[in-house]
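These come from TrEMBL:
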- 3-125: domain 'PIN' (DOMAIN)
- Asp6, Asp98: Mg(2+) binding site (BINDING)
Amino acid sequence: MAYLLDANALISVLRRGSKSPVATQMREHADALSTSMLAAEELYRGAWRSQRVEENLVSVDNLLAVATPLDFTREDARVAGQLDATLSARGQRIGPFDTLIAAQALVRELVLVTHNMREFGKVDGLRTEDWEAAK
C-alpha cells in the first residue's frame, strides 16, 4: 500500500519529531511515502513565516526527502474539477487545496494520511488513515 501524506500529518512530525505517532508510522512505511506539492508549499510557507527560518527550511527539506512531493498533473486537475462539481452539487464542498490533494490520492490510488477526516470524509472512494489518532 502507498500513502500520500497531507500537510497536517507532516506538520505533526515537524513539531513533535520522533514523538509523533505519524513519525512512527512513517518509519514502518518508509518505502511507500509521498506528499502533494501543495502540502510541500504549505510546509515551506510555515518555515518562511517562522522565527527560525533557516533551521525550519532544513527540517522541511529533510522531511520532503522522505515523503517525496508529487507534481500536479492534468489528470489530477480533471479529477479535482469533477470532485468539486460533485461535492458542490451535494452542498458538501471542501477547501480548494483539499480538493486538489484528494484528487491526487484518487488518481494514484493512494491512501491519504490526514488528521482532517471531517473534510476528506466527504470524498467518495477516497481511502484515508489518521496516523495521529494511532497513538
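Each Cβ is built from the backbone N, Cα and C atoms, and glycine gets one as well.
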> Do you know which of the binding-site residues Asp6, Asp98 has the most other C-beta atoms within 10 angstroms of its C-beta?
Replying inline: Asp6
>> As a test of reading the model: what is the averaged pLDDT for the domain 'PIN' (3-125)?
In response: 97
> Within the domain 'PIN' (3-125), how many residues are helix, strand or coil going by DSSP?
Replying inline: 84 helix, 13 strand, 26 coil
